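Participant: According to TrEMBL, the protein carries these features:
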- 6-33: transmembrane segment (TRANSMEM)
- 45-68: transmembrane segment (TRANSMEM)
- 80-99: transmembrane segment (TRANSMEM)
- 120-150: transmembrane segment (TRANSMEM)
- 170-191: transmembrane segment (TRANSMEM)
- 203-225: transmembrane segment (TRANSMEM)
- 237-259: transmembrane segment (TRANSMEM)
Amino acid sequence: MDRRNVILFGFLQSGAAMVSFLSSMRIFWVILGSKDLRVLSSYQVMANIALVECCQMSGCFMGGIMLIAGSNFNDQLEYMFGKIIVVAWLMAIFLRFVLALNRFIVITDLQVLLAIKKNVLHKILMTITFLTLVAFIVVACLAKNTYVVSFEKASWTYKEPNELLKIDGVLGPGITPVTFSLYICTGLYVIRRRNKVRASEIRLLISCAIGFLYEMCEIVLFHYVLLNVDQKFADSVGWILMISWISVPAFNGAVLLWLNKSVQNRFFSYRWHSFELTNAVFTRTSSVSPRT
């Protein structure tokens, strides 16, 4: 590949990664600094997603810098950032499933779940998420030459098949249909019983679902479409998919800000943390507490 194109894509990759990083970092601090948001299970999951996205984007940004410089600087540094990208991406997929499950449980309020308190169920899911993260980190530490920068393709790629590649090939295509089904079931419930679901929960459901659909398209394109693209166009299509993949956090942040005015006001506030309590998202009284 022409060196000029490699440098150009390096700038595009670093730029997209920086925008996504700043978006996710700001959303993370907005949730963390808002008393009315950080106590809600759905926003706790979203904060975790934003945090792993920041880790993922730091690796993608460094990949762009390596492409611009024409050097990986150090093999171990490259391997470290590659593993961070893969582990963070796998955790983002898993956490979006947890978020979809959270939306389903909170909105449908199924009677079968009354035996388990929602806060207990949330703690169980968060514990499973932590154990999953530990498992991914262990696998990444044991795997060699995991994810490296290809200067020929101007992209991150697996140097050779390994355990993380196998997990990626199973987790994405495997858990995505389940997550999609959860959003479909939750959406059908909202349509049938719209009057029983608060508008704030519907808006949050829509923003989560739109963000997931974007991610689902990326998974389908990477795992199925890209493999069948003519070799002459594979590199160009790969560039487009890589940039759109890196832009997932920025897209999700934009959708959240569009549908949630409270988060939007805090996001663009001059204050960095400790935002004032507001009832723009959820109204709390002495007799009614938010279910999310």
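Just so it is clear, glycine is given a Cβ too, placed from its N, Cα and C backbone atoms.
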Participant: With the transmembrane segment (6-33) as the reference, which stretch in 80-99, 203-225, 237-259 has the largest tally of C-beta pairs below 8 Å?
Facilitator: 237-259
Participant: Under 8 Å between C-beta atoms and at least six residues away from its ends: which parts of the chain pack against the transmembrane segment (170-191)?
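Facilitator: Sequence-remote neighbours of the transmembrane segment (170-191) are 90, 93-94, 96-97, 100-101, 103-104, 107-108, 197, 202, 205, 208-209, 212, 216, 219-220, 222-223.
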